[in-house]
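**Q** Just passing along the structure, written as structure tokens.
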């Protein structure tokens, strides 16, 4: 497929087929049988399995597509410019300047 280097199309299709089988193996639970609590528990277990399938799918794609094993370094500003002073935060513009600017004429 265009735009990727070093990835075989057959490997990618194989990964997609594996992921498709994983998702098909966990259909949404039947909501017409059982008590409300039983249906709720089935949905809760289904969501937990979906989270597991999603995590496995990410690992499969990562193995087939590769990618950086370590997080990408983000450019940070110089440490001298970083402060924890709340006065320099720009949360609501104009709120601090209004507190002490009462003029009497």
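Cβ atoms here come from the backbone N, Cα and C positions, even for glycine.
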**Q** Ranges 1-17, 35-51: which does Swiss-Prot label motif 'Nuclear localization signal and RNA-binding (RRE)'?
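**A** That would be 35-51, the stretch labelled motif 'Nuclear localization signal and RNA-binding (RRE)' in Swiss-Prot.
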**Q** Cβ under 8 Å to the compositional bias 'Polar residues' (24-35), counting only same-chain residues 6 or more beyond its ends: which ones?
**A** 42-43, 45-46, 49-50, 53
**Q** I'm checking region-level scores; what's the whole-number mean pLDDT for the motif 'Nuclear export signal and binding to XPO1' (74-85)?
**A** 75
**Q** Mind tallying the region 'Disordered' (24-49) by DSSP state, helix then strand then coil?
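**A** Summed by class, the stretch gives 15 helix, 0 strand, 11 coil.
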